[in-house]
Each structure stands twice: as C-alpha cells, then as structure tokens.
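The CTP binding site annotation in Swiss-Prot covers GLY8, ARG11, ARG91, ARG137, ARG140, and the record cites sequence analysis as its basis. Residues or ranges marked as ATP binding site in Swiss-Prot: GLY8, ARG11, ARG91, ARG137, ARG140. Per Swiss-Prot, Mg(2+) binding site is recorded for ASP21, ASP23. What Swiss-Prot records for 228-329 is domain 'HD', and it gives sequence analysis as the kind of evidence.
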Amino acid sequence: MKIYLVGGAVRDSLLNLPIKDKDYLVVGATPEQMLQLGYRQVGKDFPVFLHPKNQQEYALARTERKIGLGYGGFSCHASPDVTLEQDLLRRDLTINAIAQDEKGNLYDPFNGIEDINARLLRHVSDAFVEDPLRVLRVARFAARFHALGFHIAAETLALMRQISASDELNALTAERVWQEVDKSLGGPHPEVFFEVLHQCGALEVLFPEIFALFGVPQPEKWHPEIDTGVHTLMVLAQAALLTEDKSVRFAALVHDLGKALSPKEHLPKHHGHGQKGLPLIKALCTRLRVPNETRDLALLVSDQHQNVHQAFELRAETIVKIFDKADFWRKPERLTQLILACTADMRGRTGFENNLYPQGEYLTQCFLAANNVDIAAIIAAGFQGAEIKQALNLRRIEAVSQFKQKMQTKLPTDER
C-alpha cells in the first residue's frame, strides 16, 4: 500500500501557488483495508475515503471505461492491481497527472513538469474525448492560468472541437455546466474561459445566446471594436478588474444579449436592445439554473444600462422611477452592482479602457438625496394611506431635482 499526493496540489506546488486542497491516491489497497485503518468511505461510484484525523480525501487507484454519454458515462474499476501510471493515465491534462510520494519524490509519466515549464495545457491521452466536461475544465484552466502564460496545445484544442461537434456536450447537466461557469466567473480572467469555448465550438452549443453576438456590428463611433461578441468579452474582462462580485461579472456578460435580435436593416443600431434581451437572459438562467439573485441583477443591468449611461440627461422623475423599479430603497447594494456593471460596459470598448464614469457617482448622489427624505415627517404632516406613498414619491423627485440643479457637469449622450 502506497500513498501519493496527486492532482492540483502537486501542480500548484510546482507553480509556487498556494495549495487549497490536497487529494491523495492510494495504490495497492482494498476498501476493507482502508476501513480497518479508520478511514470513512464517502464515494458512491468509486472508492473515496476520508482520513480519520484530517478528513482529507484518499481515493483508491482506479481505471475508467466509457460506457455511455456524458461525463457520468463511465464504469470505474478500483483494485489493488491498478498501478500509479494507470490511474494517472485517466486524468485530463498532463499538468494534473503528476504524483508525489511521502518522501517528496515526483512521478511524472506523461511529462507534466515539462508542460508546466512550457506553460502548456495538453491532454494525457486520446481518452480525453470521452469526457465532455473536460472542454469546460480546460477552458477554466486556460482562464485561471492565463496570467502565467499558459496556452492550450493545438492537438488538445482539436480534441475539444471534436467533442463540441458531437452530442456529448448536450449530455452535461445544467448543474455541472453552471459549476464550471461559476468557478470561472470567480477567477481573474473569466473572459478567457468564454474565448476558449468560442474557439473550440462549445460556446455555440452551451451558450447560443452569447455565441449569437459574434459578428453583430455596433456603431464604430461608440464601439471601435465593432463586433458585439468582442465587446461582450471586453466588458467581462473590465468587470473582473472592477469587482470580485460574480453576479456583477455575469450581468456584464449577458447585458447585451438583445443586440443579437436587432433587425439587420437597422444595424449597426440596436434600439431597445436592453429590453429585448430580457427573455434571452431568463431563458439562459432557467436552462442553467442560475441562482435567482444573479439572474435578477442580470435582468436589471440589461433593462437599465442604457438609462444609466444617459443619467445626466434623465429627468428627476425618471431617475426616481428607476430607483422604484429596482427597489433600491430596500436593496441599495443593487445600485452599486448596477453601476459597476455599467462602468465595465463603458470601459469594455477599444480605447475607452481607462475612462472615468461620472454617471456612477452622479446616480449615487441622486439616490442619497432621494433616500434622505424623511417618511416620519410626511406621516406627521397628516398624510394617510396611499397619500403617504404619493407624497414620498413627490418629495423624492424634488430632492433629486434640487441635486440636479447643483450639478454643472454634463456628458454627451452615449447611444450604446
């Protein structure tokens, strides 16, 4: 019985990155032996055990055989006869197929260390194509290690295209797809995740609403990058620079879905695209089972981002209506999220990356003025029932109007 540290912990150690989780591989043992040593079995499909003291995962060496569609369509064989190399052979990438024994010796049968040094994401074997989830995993690794200079091997990208052209991606559950998206949205370069999916053909299969944006033109005056798909990923990249909030990043990703529905005869203009995109966002979120709060923010950003861009031109009454519709009175954090997403939208254009976004501070001050209206004073003045709401609305409009009069700075309207 031999125990090895495997997977991400070994890889991240070689990259001098912090190690989050440690996974161990046990060669030459049976489930009965593990139980006798005090380990607790938790794996249903294959033998995985928790250490009796530190609760870390220890998996018995196994091989896998493809028997059906999807990432779950495998038959696993765990036995004391399965060797270290046989277990490592079933892994996705060479950089994840390195083992370290208890004395610190490294075992690298597939040249993962060489690929780490070359900053290369390369598949271990042609069995890579048997698991469609690996398309998403490789895209996530490409995004995660983008700043370190990693790129996908041409032959691996070819296999990812092969998977995308088959029916395998459709066998992935919504939960697994969203899990990979969620992890990528939390990383430093989520835009790379979607760029890779676009390159290998998976974006069209899994995210057709986003894929449809590529090739759709925008006015060059406001969008020198022209292509809406390119703009979308630029906005996502800017959102990642502005905030770690994954809901804001997702909202940035889907804020322009409605532009794919603009009539061709009207291009490159996209009148009302924010509202046109709402059904698309709802459908995408339902399909992927996106959390409700994330979905609701995405809908808000799509619906209101054009108004936010034109904030200096809006009447006080319109501004208060926006605050009412978004229920910022009870959820003021949503205003901050909306402004962050709109700032990313403004900066996600060629040549605009470092521009200021005064609309954000302007709307924040408008909200503070409106929210400062004293409801108790309205009630004390004798208003009752529906009159209270009407009086509150009028006083909020007046508060915003007075603030607007103090403002001197005006920006030209952006038709984005």
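Placement of Cβ uses the backbone N, Cα and C atoms for every residue, glycine included.
The structure displayed is predicted, hence computed values, not measured ones.
Everything Swiss-Prot records as a feature, shown here on the structure.
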| residue | record | CB count, 10 Å |
| --- | --- | --- |
| GLY8 | CTP binding site | 17 |
| ARG11 | CTP binding site | 22 |
| ASP21 | Mg(2+) binding site | 10 |
| ASP23 | Mg(2+) binding site | 16 |
| ARG91 | CTP binding site | 21 |
| ARG137 | CTP binding site | 18 |
| ARG140 | CTP binding site | 21 |
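The Cβ centroid of GLY8, ARG11, ARG91, ARG137, ARG140 marks the CTP site; residues of that chain outside this set whose Cβ lies within 8 Å of it are GLY7, ASP92, LEU93, ILE95, ASN96, PHE141, given in sequence order. Sorting each residue of the domain 'HD' (228-329) by its DSSP state yields 79 helix, 0 strand, 23 coil. Of all the binding-site residues listed here (GLY8, ARG11, ARG91, ARG137), GLY8 has the Cα closest to the Cα of ASP23 (Mg(2+) binding site). Summarising model confidence by region, the domain 'HD' (228-329) averages a pLDDT of 97. Within 10 Å of ASP21 (Mg(2+) binding site), judged by CA to CA distance, lie the following binding-site residues from the set GLY8, ARG11, ARG91: GLY8. When every Cα pair among GLY8, ARG11, ARG91, ARG137, ARG140 is compared, the largest distance found for this ATP site is 16 Å.
According to DSSP, ASP23 (Mg(2+) binding site) sits within a strand segment.
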